[in-house]
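Listed features, source Swiss-Prot:
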DOMAIN    3-166  domain 'EngA-type G 1'
BINDING   9-16, 56-60, 118-121  GTP 1 binding site
DOMAIN    177-350  domain 'EngA-type G 2'
BINDING   183-190, 230-234, 295-298  GTP 2 binding site
DOMAIN    351-435  domain 'KH-like'
Amino acid sequence: MKPVIALIGRPNVGKSTLFNQITKSRDALVADFAGLTRDRKYGDATYQNKSFIVVDTGGIGESEGGIDNYMAEQSKTAINEADIIIFVVDARAGLLASDEQIARELRTLGKKIYLVANKVDGVHAEAALVEFYKLGMGEPLQVAASHGRGVQQMLEDVLQDIPEDENPEEHDKDTGLRLAIIGRPNVGKSTLVNRLLGEDRVVAFDQPGTTRDSIYIPFEREGRKYTLIDTAGVRRKGKVDEMIEKFSIVKTLQAMKDAHVVVVVVDAREGIVEQDLHLIGYALEAGRAMVIAINKWDNMSEYDRKQCKLDVERRFDFIPWARIHLISALHGTGVGELYPSIHRAYESANLKVSPAKLTQILNDATDQHQPPTVQGRRIKMRYAHMGGQNPPTIVIHGNKVDKTPADYRRYLENVFRKVYKLEGTPVKIEFKTSENPFEGRKSQVDERTAARRRRYIQKFKKAEKKFKR
């Protein structure tokens, strides 16, 4: 098991920046706003052949109510999961009462704790750090996370008792099925994640935009590995005023590309809006397998349910291959039925077929319904092979195949879907026109052959003149 290291501290001391330095990524949103990081965030990291998991937490704030109090509960959960705790303080701001309160709570846990003083750049370090000795946690490790200064030395100290990996490849194994939960703000994404996980893992708070980061959560179900990605709620670009929300949109789009399957959550009570369709469009551009979850289905009248179903059939007619589920994430109704559709979409997206079988299906399809003619000549499709997975990509070679019209492309897509029972994934078909490999090449002959050719030509011309007489 990889050891877990939790970054703990009050808001805006630089935990997310330190997280990025440790994991060598921009996984945690970084901006100069207190309370920006609202959930536990997991990241894999390796330093000097030592693999571990880093958990970035929301700051333990001084507010007693609302979301700040909920953030504190999330941080405490992360502390319980951790093997090692890095307690981050702000060298510029100095020792605050909230730092002392956190230190008192941490000392009661019996875990290995390292005190890290961040933002030591631009201050007299020795003078600034004296007061932190009052916390009784020994000498603070000095870092300037925004510049990466002191981070390597900190890791050497923190990881000194962690053994090196016996087999580094073991830590690079597949994370399992990566599942991204996407949707507009406040449609119930975090509630669905909590229901899927069976624990109160991400902040599910009645406030649009509560989840600002994409959170990667590894878990197992019935012996199968998953990584659940809870994405930030995506607003229309016109309504994105805060820099934080712009960051979150980027994170959502990145999470789509990182996922194997995307679950698009739609609010049944608000109906399908343009932003829902835009999100599906983004997922299609990323070529991701997809399952639609119509949430908040409970407590709707029979008339509203009927109208919702009609709206779904009408607005989602461009993705007839996507499974649609009517669920209530809050009460768990229909949530368990998502898994079979997710698995089917994943299997379809990772289709692998030999070129011989694909070519046979292509030949059967063209025999049954011939390709159209282009400039008086019929398109000739010769053979097909797989060009990739997720999405399944089929490459067709032949003469003038790049001129294939859209309706015949759809016909071929439907044939492949029917034969291999592909559900929940877009199918990409690429056409490559066969080229004459000798086109543009000049014949290269030796001098002897060239001389013989000239003699034959002269002899032919003499015979032709003699015949004309």
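Yeah, the Cβs are placed from backbone N, Cα and C, and that goes for glycine too.
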Inset, instruction - Consider the binding-site residues G183, N186, K189, T231, W297 and say which one has the Cα lying nearest the Cα of N12 (GTP 1 binding site). - result: T231
Legend entry - Inter-residue C-alpha distance, T57 (GTP 1 binding site) and T231 (GTP 2 binding site) (nearest angstrom): 16
Legend entry - K15 (GTP 1 binding site) in three-state DSSP notation: helix
Legend entry - Neighbour count (Cβ, 10 Å) for G183 (GTP 2 binding site): 24
Legend entry - Among G183, K189, T231, W297, which are recorded as binding-site residues, the nearest neighbour of G9 (GTP 1 binding site) by Cα: T231
Legend entry - K15 (GTP 1 binding site) CB neighbourhood, other CB atoms within 10 A: 30
Inset, instruction - Give the distance between the Cα atoms of W297 (GTP 2 binding site) and K15 (GTP 1 binding site), rounded to the nearest whole Å. - result: 39
Inset, instruction - Tell me the residue counts in helix, strand and coil for the domain 'KH-like' (351-435), as DSSP assigns them. - result: 32 helix, 26 strand, 27 coil
Inset, instruction - Have a look around W297 (GTP 2 binding site) and count the other CB atoms within 10 A of its CB, chains all included. - result: 21
